[in-house]
Amino acid sequence: MKKRLLGALLCAAMVGTMLAGCGGSSDKAADTSASGVSASGASTSAPAADKNFKVYLITMDQMDQYWVNVDAGAKKAAAELGNVDYKWSAPDVKDDAKQIECINNAVADKADAILLAANGPDAVTAALKEAQAAGVKIVYVDSAAKFDGEATFATDNTAAGKTAGEQMKKALEAAGKTSGKIGIINVNAATASCVARETGFRSAFEGSNFEILATQYGEGDAAKSKDIAANYITSGVVGIFGANEGSTVGAGNAIQEAGGEVIGVGFDKSDTILSLIKDGFLLATMAQNPDVMGEKGVKAAVDALQGKSLGGAVTDTGVSVITKADVK
Amino acid sequence: MGRELKQSYFKKIMSIRGMGQVLTVTVGLAVLFIVFGFLNPTFASSKNIGNLLRQIAPIVLIGIGQSFVLITGNIDLSIGSVVGMSCMISATLMTKGVNPWVAVVITILCCLSVGFINGELVAKCKLPPFIATLGTMTISRGIAQIVNNNYNTDSIGEGAKTFRDIFYYGKTLGLYNTIWIAIILWAVFNFLLSRTRTGRHIYAVGSNIEASKLSGVSIVGTTVKAYLVSSFCAAVVGLIICATSGMGTMDAGNMYEMYAVAASVIGGVSTLGGQGILLGTIIGAAIWGVLQNGLQFAGAPVAIRNIVIGIIVVVSVLLDVVVRSGKPKRKNESSGKVGFKLKA
Amino acid sequence: MVRNINFDLYEGEIVGIAGLMGAGRTETTRAIFGIDPKESGEIILDGKTITINKPLDAIQAGIVLAPEDRKKDGLCTKLSVRDNISLPNLDILCNALSIVDRKKEKSMSEKAVSDLKIKLPTTEVDAGSLSGGNQQKVVVAKWLARNSRVVIFDEPTRGIDVAAKVEIYNLMNELKEQGIGVLFVSSEMPEVMGISDRIIVMCDGKVTGEMPTNEATQDSILMYATKFDKKIDAVKA
């Protein structure tokens, strides 16, 4: 009699834990190396037949508004699909080693797929190999690594850089200038996306009489970039290109201070950049579509997890050229 | 008669402690200036000089703060993060409609509290300054990130135009206001360090804590004061950056504590404490600024820039250590030889 | 750890504290001066009980100390002689705004140097560059500008040449004549017996004996200096 009761109790306990495990789990705070606000994704508590897919978004850091937009797009897709446990994780600063840690932690946390914006295309390949060996599907957003993934959703930075260059050239020619010096403010020599933008920008000026000076690096810091831009202006440049948000803000501020003659073109969107455009101190900025990357990335990850073969397709999520006419 | 006066003037200046190093680096500065001017004449144009001085001003300010702390024999690694914290707090408040001057006051108070904490951790809790300020560095950077929910702020808006002019864009009597801010604060802190009781205490604590204690100096009070100066200067630089960019950026001030150490050490402030004058810090900051600015005009690749700057810092520290340890001792100490005259 | 230290010091006398190393003499001076915390005890000066929790309290009450290790505790060796002399006297040298009166400071250090016959090229030299004897004089010079009531010397003549020693003894006698109470710790028996009016002997953290100098002999001092509570057993052969 006693034995039977014990047996029944044990069975009840087992069934109980199984049911609890199936129901969607609420997410804990995401993995970060230092204090930082992180978003936890929507999850469903569907006792459905398929289990939920655990999808991790790992970006370069959590500070840039840009990554927040990727996360927003990803969250949107996760909510629409309904079968995704979504988490956003990133290091506190742009750092290869820290991003590798995030990837490893995601794998240890039994992620089914990882959406990655690779900080260093070579550095993370070993970690990705391990992840893939553990069965994790890899999708790239914004910056791919040198390792085959299911799909990539990114801005074709080279094309976008070229567009920026063409915008500047057009405006210079309209102002009657066919030659002169142009300065580039980039982040550093390592970030692949920014390097690609610069390459694209330079290609727009090939064969022209414009001289593009040696690139200066401002680490993406708006104040440092402003100093660099001011120095360019003192050297008599006719145009300045900022390869990311901070560089663009710096360029715009310097152009404003100098009276607005120099043509400035930049990358990324932010409140300050938009007001600089509105006031006429920046000609245009290339606004990327980070939310599209996040959204399409999550959808692709789920497709891959459901067996679809994406073949590593690269999708250009494009840039919109934002000029004064576009800013209300 | 004229020559005698000149000689005694020179002697008087040379007799001020720390002037030797200051004069050496001033010569170095002049050389750098001439070289860069030669490599690219635009470097020496009045337009660039104006910009250059304005680029040097924030380095002077953080240099002053770090010098105060170095002279007490400690170090402040939190300077850069406090700059970021200051930039973010002021910008966030302004974007939310707070009057810029109220925002300035609140920002400065917040930053001063970091300085206070640094001083207490080091002097009262006896934590090594490297560790204590490493901790506050991380915490301050974290606050800079959290203040606007982990993003950079929006534009601080038209209402902040006067603020931006006063801290950065405006000129007074032909010099950018930023330069005046640096000059005024340098004058105030230099006076504090060289002519007041607190200044004497700062040198004494850096020179020998035990002996200072036995002379009635409050070690905790003096240490805290030095860290407060450092945080105040970092706060002002954060405000300058906020005015420059017209927005708050979370990574503002990154690595500034190191530039501050470089400026101080090049100028003759010893990392061992008790030595150095703020005039040297100005020259150190100027050398730093001239290198950054001049190397851009000279078209030098970025890697070379870092190497050159690093070499200069190492050489300055080396000189500092070698000169300090090699000072000649009096003959009858540690020489070990004793002469006897034997009676026959 | 020192305990049960009770003694009186009168105006215009020199009291020598003798004992072996480790007897607790330096600890006593440090406790009086407020460097180390006291568990219990009172310091009564001129009939009034004074609270001393830190050296500043002692200095303000008129009790000053020239410590045992002059390089480690007594001087900022890399600062100038002038800076060292003025450091504890900034309250006298500064005005209401805490600004140092440099003229006053210069004359204070020059007076100290001439009064004590300190040999140096100028008062701007590093204090650490002076000879042992001159360094000791600087350590003492710091306190002479103040109206101290009690001056404590801890091993004042250790490591200095004979001529300087004599000058220190003369200084102590001058202080005595000015009505200052001089307390001095020394391990040199002839010195203690030569210059003090009374001798206190300590052993193992306690005062074990007290006597006027004219009644003291080397043997009696030694006896008190070795009067441990527990008998130290001789090592068995």
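Even glycines carry a Cβ here, placed using N, Cα and C.
Residues or ranges marked as transmembrane segment by TrEMBL: B:21-40 (among others).
Panel annotation: around the transmembrane segment (B:52-70), residues 76, 79, 83, 129, 168, 175-176, 178-179, 181-182, 185-186, 189, 193, 202, 206, 226-227, 229-234, 236-237, 240-241, 256-257, 259-261, 263-265, 267, 269-271, 273, 276, 278, 281-282, 284-286, 288-290, 292-293 of the same chain, lying at least six beyond its termini, place a Cβ under 8 Å from a Cβ of the stretch. TrEMBL lists B:52-70 (among others) with the feature transmembrane segment.
Residues 74, 76, 78, 82, 85-86, 89-90, 93-94, 129, 132-133, 135-136, 140, 163, 219-220, 222-232, 234-236, 238-239 of the same chain sit 6 or more residues outside the transmembrane segment (B:101-123) yet have a Cβ under 8 Å from a Cβ within it. Annotated transmembrane segment per TrEMBL: B:101-123 (among others), in sequence order.
Marked as transmembrane segment by TrEMBL: B:173-193 (among others). With a threshold of 8 Å between CB atoms, the same-chain residues lying at least 6 positions outside the transmembrane segment (B:173-193) that come near it are 50, 53-54, 56-58, 60-61, 64, 68, 71, 165-167, 199, 202-203, 229, 233, 236, 240, 277-279, 282.
The transmembrane segment annotation in TrEMBL covers B:226-246 (among others). Same-chain residues lying 6 or more positions outside the transmembrane segment (B:226-246) and placing a CB less than 8 Å from one of its CB atoms are 57-58, 61-62, 64-66, 68-69, 71-72, 74, 76, 78-80, 82-91, 94, 104, 107-108, 110-112, 114-116, 118-119, 122, 155-156, 160, 163-164, 166-169, 178, 181, 185, 189, 192, 202, 252-253, 256.
Here the transmembrane segment (B:258-291) has long-range neighbours at 16-22, 25-26, 28-29, 32-33, 36, 52, 55-56, 59-60, 62-67, 70-76, 79-80, 186, 189-190, 193-194, 203-208, 305, 308-309, 312-313, 316-317, 320-321, 324, meaning same-chain residues at least 6 beyond its ends whose C-beta is under 8 angstroms from one of its own. The feature transmembrane segment is assigned by TrEMBL to B:258-291 (among others).
Residues or ranges marked as transmembrane segment in TrEMBL: B:303-323 (among others). Same-chain residues lying 6+ beyond the ends of the transmembrane segment (B:303-323) with a Cβ under 8 Å from its Cβ atoms: 21, 25, 261-262, 265-266, 268, 270-272, 284, 287-288, 291-292, 295.
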